[in-house]
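Listed in Swiss-Prot:
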| type | residues | note |
| --- | --- | --- |
| BINDING | Ile18, Gly60, Val61, Gly62, Lys63, Thr64, Glu65, Asp256, Glu321, Arg393 | ATP binding site |
Amino acid sequence: MSEMTPREIVKELDRFIIGQKKAKRAVAIALRNRWRRMKLNKELRYEITPKNILMIGPTGVGKTEIARRLAKLAKAPFIKVEATKFTEIGYVGKEVDSIIRDLTDSAIKMIKSTAIKKNKKRAKELAEERILDVLVPTIKNNWKKTNTNNNSEATLQIFRKKLREGTLDDKEIEINVAVTPMGIEIMAPPGMEELTNQLQSLFQNLTGNKRNIKKLKIKDAMKLLIEEEAAKLINLEELKKEAIYAVEQHGIVFIDEIDKICRNHGSSGPDISREGVQRDLLPLIEGCTVSTKHGMVKTDHILFIASGAFQVSTPSDLIPELQGRLPIRVELQALTINDFELILTEPKASVTMQYQALLKTEKVKINFTKEGIRHIAEAAWKVNESMENIGARRLHTVLERLMEDISFHASDHRNEITITIDEKYVQKHLDKLISNEDLSRFIL
């Protein structure tokens, strides 16, 4: 779990996301409160439930990006889901309980990965011994044939040294390794996910103990054996307990596109993927127990962050019970020309930097002038204003069009060349297209 302060979290998010201070502060406080809660005594800790967040803002302003970056910062079980993928219980489609099952699976992977790294040193020693067991008997057979009386321990140490130095990396050996269980996909009706998981585990166990002899180079065999030995050192029961605890106490669920499950005022009849889904989400957000293949998971202290554009609906169109379970509301602002300008230059691995790095592989050096950047930002903003506002995603469309010729002809140059993207270059390639609204609708 992350021990970063709210200020440090916001600073880290600032490296990748421009603006949206309120949203960054809200998620930073929520993340820090997880850490604060764990410092309390057990009785009080149980009483403090997370304050779930609802992020409201137009498309392309950074809602999903905040979730992506938060996942890396949290160092806790995290899952991002689309609200539109779920249907009401009893209908064909994914049930909301699968969110917690997927979150638990991700926690298992995360903790298993940490355990493997922790055991890597010991696993490497065991893998080394297994490879030496294959190499040394061959030497012993040769000793018998030649009737020489060399010290076997000294020979073993020589081979150990060679193995560690990498001089034997390309030598081929035969090793006995476990067969990877074959994944079996089972289609099951809604509500039968638990049975499906049990059947999949059963089929995997049938092949799980099988072993196979493989002929591999020592460097490849070492990697395979380290993984196998590290997995053997893990206590699976302890791993499951740790994963369930991590999900229950530190788990974060990000529900995107929640505005798409608001009731459509113009329609009649059952709304199996709208209001029904909202009602199914209620117990999950409020706190219930979900059955997973790893054990029972309580959702009382899982943090839920929902987001939506709410262009054709408002948060008040959500059912009142769900509104009450998302008490913190954060409104994200539409992006301005200045924001676009900063997005093109400020973030780590910005879009312009990506193009420069890609074309550098073809010996094409791209220089963006301040005026050129400003004109690109203005072009993207104008297209957003005259048509659908898709936020920062418009920059990708505009830049792709601007860089099309350069990208196509980049491999034609034998020597290194430099191309400057200034205001004139941008005007030449974009202005006519932007002024022709019919064309820009299809191209930009």
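The backbone N, Cα and C atoms fix where each Cβ goes, and this holds for glycine too.
What Swiss-Prot annotates, mapped onto the structure for a quick look.
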residue	record	DSSP class
Ile18	ATP binding site	coil
Val61	ATP binding site	coil
Glu321	ATP binding site	helix
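Counting other CB atoms no more than 10 Å from each candidate's CB, the binding-site residues Ile18, Val61 peak at Val61.
Largest CA to CA distance in the ATP binding set (Ile18, Gly60, Val61, Gly62, Lys63, Thr64, Glu65, Asp256, Glu321, Arg393): 34 Å, whole number. Neighbour density around each Cβ, counted as other Cβ atoms within 10 Å, peaks among the binding-site residues Glu65, Glu321 at Glu65.
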